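S.K.: Not my notes, these are from TrEMBL:
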- B:Glu441: active site, proton acceptor (ACT_SITE)
- B:Thr150, B:Gly189: FAD binding site (BINDING)
- B:24-135: domain 'Acyl-coenzyme A oxidase N-terminal' (DOMAIN)
- B:146-254: domain 'Acyl-CoA oxidase/dehydrogenase middle' (DOMAIN)
- B:286-456: domain 'Acyl-CoA oxidase C-alpha1' (DOMAIN)
- B:491-668: domain 'Acyl-CoA oxidase C-terminal' (DOMAIN)
- B:671-698: region 'Disordered' (REGION)
2 protein chains.
Amino acid sequence: MAFPRPKPTTMETLAMERANPPFNIRQLSIAMHGGEKALILKEKFMAEIARHPAFKLSDIHDLSKDELRERTMEKFASMVYFVTNESIETFQLRMQLIGIADPSFWTRFGVAYGLFLGALRSGATPNQLSYWIERGVLGLNGVIGCFAMTELAHGSNVAGLETTATFDRGSDEFIIHTPHLGATKWWIGGAASTATHAAVFAQLIIDGKRHGVKTFVTQLRDTKTFTLMPGVTIGDIGKKMGRDGIDNGYIQFTYVRVPRAHMLMKHTQVSRDGVVTEPPLAQLTYGALLGGRTSMVTDSSNSAKKALTVAVRYAAVRRQFATGKNELETQLLDYPIHQRRLMPLVAQAIAMGFTGLRLQVMYEDMTQALEAMEPSDPNLNDILDKLKETHATSAGLKAFCTWACLDTIDKCRQSCGGHGYSAYSNFPLMYADFAVQCTWEGDNTILSLQAGRSLVGAWGAAIKGKKLAPGVAYLNDASTRTAKSDSSLSLDDIQKAWNCVAFNVIKKAAEEYVKLLKSGKSKDEAMERCSQSRFIAAKIHTIGYIFRLFTEAVQEMPDNEESKVLKTVASLYGLWQIEEQQGYFLKYGYYNAEQIDKVQESVDALCAEVRGVAIPLIDSFALSDHIINSPLGKWDGSVYESYFAQVQAANPLPKEHPYFTRLIKPLLERQNEDMEDPGTAMGLEDELKEIEEERKGE
Amino acid sequence: MAFPRPKPTTMETLAMERANPPFNIRQLSIAMHGGEKALILKEKFMAEIARHPAFKLSDIHDLSKDELRERTMEKFASMVYFVTNESIETFQLRMQLIGIADPSFWTRFGVAYGLFLGALRSGATPNQLSYWIERGVLGLNGVIGCFAMTELAHGSNVAGLETTATFDRGSDEFIIHTPHLGATKWWIGGAASTATHAAVFAQLIIDGKRHGVKTFVTQLRDTKTFTLMPGVTIGDIGKKMGRDGIDNGYIQFTYVRVPRAHMLMKHTQVSRDGVVTEPPLAQLTYGALLGGRTSMVTDSSNSAKKALTVAVRYAAVRRQFATGKNELETQLLDYPIHQRRLMPLVAQAIAMGFTGLRLQVMYEDMTQALEAMEPSDPNLNDILDKLKETHATSAGLKAFCTWACLDTIDKCRQSCGGHGYSAYSNFPLMYADFAVQCTWEGDNTILSLQAGRSLVGAWGAAIKGKKLAPGVAYLNDASTRTAKSDSSLSLDDIQKAWNCVAFNVIKKAAEEYVKLLKSGKSKDEAMERCSQSRFIAAKIHTIGYIFRLFTEAVQEMPDNEESKVLKTVASLYGLWQIEEQQGYFLKYGYYNAEQIDKVQESVDALCAEVRGVAIPLIDSFALSDHIINSPLGKWDGSVYESYFAQVQAANPLPKEHPYFTRLIKPLLERQNEDMEDPGTAMGLEDELKEIEEERKGE
């Protein structure tokens, strides 16, 4: 008797899930990508890298660190053409896609173009910038840059960096020096084996006086021979949790001389005779951070969508347990608890995606407004306020979106059971690669506190009657604080809920802060002491902010089947997060206990509703099988066949057993011998017996 | 000018943290290990493996999968002696320690001794067991076993496994067969390259009739030559998220014959003429699962303690930001938010540790009671009730403790900033190795629902007036449900809080279930539909259970400095978890909004209090530098020196650059050329422009 194979096949099951979707997948996809152009470009990029041998992804789980790094440089070579020929907008979309497909390469690429070139763009004078571009910074033909900020003993505290750049008036040079081990430049991407130059952050010292941390372009290696420059010591910092395709290294400088002109002087200038001129307006560097954070919100959404594409497709085809005798086993996706595991995360990924799109527009608008503005402009303060608010909110967004994505990846892994633990599911690498996003560009907890600090400030301004920037305008209306639910659980009601609770948690943090000040604490200490409440304020404000940007985007869409499903998704996101944070909604009385039960019921129902369209919804994320790189998430549902084929291809049987003769055979053929327990020989047994006796005596 | 090095050094800082602890570290350590004997043995085991070359740990981050696997077999050889000579109790403590030091080896070892030998112990008749022991199962001299349960398409659903074992009456053999790809044995630890025999789970079929899943010992490889037996196909399933030292493989059987005597027949018997005799009492297999889950609670505590040892020591010596000019920078551990990040996790790890100790005792007592009992014993039902309750609770404990530990590891990693992302911090491996614990021995979500199902049942029994087993006895007292806080936040008040809230969430799940039944759903469907509420019930019950077991253990200790600090730790654990789950405490009215604020204040204060003794407390975990295997957590505080030395040792510079000539030189020396954009050639640009125009027209 042969066992009947389950019917339908996994492929047929997925095809059935795709039959007659209640919306147009392509239209929904266009909305999620912020327009048709972005989607078409993404499809072009996906096709390009799927066909380029350097971007082969199916074998990366079995490559060594050294092989991955070498491949990184192959990718570099394949990309240089585009960098020098594409519009910035197109190039940014390309990088976004690379960020999802290959975070390790994205990092090395970002070091050269985001960090090193970015440092030149924001810190160099126009003459300096021309000079470096002529030397080949754009095409890497002459200069391959890296970014040497972090030190072994200093990360977040940039002002505390200890590398020194001492002006030598005699030779018109700076002397770059690493005074002790802790000041070793550390984590420097590209330093270990691929960079020729570094943008070095160091304490400017002139005549024994410190002038703060500035940037000095310092040559690391000879561009012809690649040997290290005199005084430059470089080491490889080796294996990391993920992103092993980037060669992070450490650098120690021993009295290395660079020409004065290699200090970037757009802001602070040092003259030939060592006179320092400081810039008039320091705070306009917000912009650069904002751009990075915006892209991390988008990347969080994209990476979460990648993991969810795998987990949701797998849940649709995986069957486990039959409810009756001889029946077909149930699809995991039909279990209410499995819907609970994945559907809210789908909603969250979509919410973060729309948030990223809107942030990008806000960021571009603000940049344009600032560039067009004269210092005498009467709107300057408004725009600066908005910039500050967006900057602070972006700190919270970076933190909570990267956390949400990391959490999503691991939940997706767990939802695939044992197979999620296989390297070939791609979850392990996704997690390992993404994990650093919670740390770099500012540790998430610290960034959350920065956002919280700004909210405390905003609350203070609001009670003084100041009209706040749009992102925190709800603090201007005191009635927000005592609002109650109209029990409709409509999108408007959900928004009111978040505003009410955000108002209250911000107020709590601010009042704690004021109380601490009144008790005699310094401002700094008072801020530290109320940090838990600041953290909560940032969390609630940020979730409410994501919900607002998402629903605004959806409400601006025409009233059609695509916006309809997105409204359902928005409700799920908002209500699920209320459930997650229900304590605050109860505490501040926006909902009562029965209403909270209703929230739970609604989330159950919305999960079931979104499950109904889960596969078409996931398809609208528009991620190719090559990008997903997981047989469990194959578009056509051929999960087991693809998985088995990949495992076989990646693990050919060795011709000879590598250690049978040396290790296994002697074990198998061993004769049992009587040996004395070494514990007895050491007298340990006696000691233990004594303890035993004592214990009994107690 | 040279920068002054921060004073004191990291080593001095840690020494100061250890000065004059308010309790005896060794006494506290003894309490945490359940006695002096266990601690002394642990110290012996730690010394042994620190000195054995096979257990070198500092280089494992840079070993390939194949190298790790080979080393696993070296460890095997070093351990066989102890297995055959040590008492089971000593051996179990040894395995516990190995589980913390080297999870990958622990797994391979566990497959041979826990799973394969365990299957024989629980499933073989005494004669069968003797036979296999004579063949060399204990000393591996003749038989190296593995455990072939899971299949590619079936994990959790053991009853649904599709491998067949068809009885051939003519030859008195079973024919083991894999009918299709999905029935391939998958994840089988040891199968890929080290096992000679497997305990194969397969559907017993006699005369075309299925008799359910039984176990068949099947030879995989010739013990002299290690070639595969006829009909056995084996492949390597390759890279995993972690535990790469174990050789997981897949097995396909093509009509492989095994003698009838190789079916394990302690429970079900098949006679020479194919008559099947089923066992009278099936549910007594609870015990085996219980033991595994108990050890996973302990392992969760130990693994969390390992991560926390690193994170807390690092936080004590890492300084970042000075509060005033020229002052010493502040230790991370002195920031309230950093205390918030780590101290509750320390409390949780300790709570899980005491829970594990008490579970172990309960488990042994129950096993003894069961073994000593006759079927006619009047106490049988009581003991079975208690066993059932402990079994159900252990499902929840396994789930929430392994989740808590995994979460702790990642939070510890993040708390160390960028260095946490270095492989040498050991967090990446700890996370990757531990992650599978949330999946194997039952997916955590599914186990939580099992625990929830049992709680729903207990509630039903309670309202019928049945006296419940101790773990859920609080459901017998209806006044628990409407209890209110006495505002003292004492340990007793905290326990009352958990009982009250657990009562209410269980009641909610049970009432949902009953309502669904009344609306006409089947029992199965009703259970599925209330799964979110069942999940919450399991979570709250489990946390309250851990709190109870921990406080009971502490309250039984003599009234001294050690029990005093543990009471503080217990308060922190209980109150912090109330904060985390505050919604339920507000919803069911145990606390009001002001009391919840007081809980938050108390947690802040307790974090600060525990921080005061953080280093001595961590020291009492008694984990050697070798076990920790992280320079960031070095006992003597030589963090940067050790880290730098390890990075250097692991990454010697290559004599020649591996790809400069092939990849970097051509880039650097490239001349910019004018090439046409392939996008233009493809006509894509025109298409995109059209879209652009259309958009403008809208």
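Indices start at 1 and increase along the chain as displayed.
In case you wondered, yes, glycine gets a Cβ from its N, Cα and C as well.
All annotation found in TrEMBL is predicted automatically rather than curated by experts.
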S.K.: Count the CB pairs under 8 A between the domain 'Acyl-CoA oxidase/dehydrogenase middle' (B:146-254) and each of B:24-135, B:286-456, B:491-668, then give me the winner.
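M.R.: The stretch I would name here is B:24-135.
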S.K.: Checking interface proximity: list the recorded positions among B:Thr150, B:Gly189, B:Glu441 whose CB sits under 8 Å from a chain A CB, in sequence order.
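M.R.: Answer, by Cβ distance to chain A: B:Thr150.
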S.K.: Between B:Thr150 (FAD binding site) and B:Glu441 (active site, proton acceptor), how far is it from one CA atom to the other, in Å?
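M.R.: Their Cα atoms are separated by 11 Å.
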S.K.: List, in sequence order, the same-chain residues at least six positions removed whose CB sits under 8 Å from that of B:Gly189 (FAD binding site)?
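M.R.: B:Gly189 (FAD binding site) has long-range Cβ partners B:Thr107, B:Arg108, B:Val111, B:Leu115, B:Cys146, B:Phe147, B:Ile246, B:Asp247, B:Asn248.
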S.K.: Give me the count of other Cβ atoms within 10 A of the Cβ belonging to B:Thr150 (FAD binding site).
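M.R.: Summing over all protein chains shown, B:Thr150 (FAD binding site) has 23 other Cβ atoms within 10 Å.
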S.K.: Relative to the Cβ of B:Glu441 (active site, proton acceptor), which residues of the same chain, six or more apart in sequence, are found under 8 Å away?
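M.R.: Those within reach of B:Glu441 (active site, proton acceptor), by Cβ under 8 Å and sequence separation of 6 or more, are B:Leu289, B:Gly292, B:Arg293, B:Met296, B:Lys398.
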S.K.: Per DSSP, what is the residue tally for the domain 'Acyl-CoA oxidase/dehydrogenase middle' (B:146-254) in helix, strand and coil?
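M.R.: The counts are 6 helix, 55 strand, 48 coil.
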S.K.: Helix, strand, coil residue numbers for the domain 'Acyl-coenzyme A oxidase N-terminal' (B:24-135) per DSSP?
M.R.: 96 helix, 0 strand, 16 coil
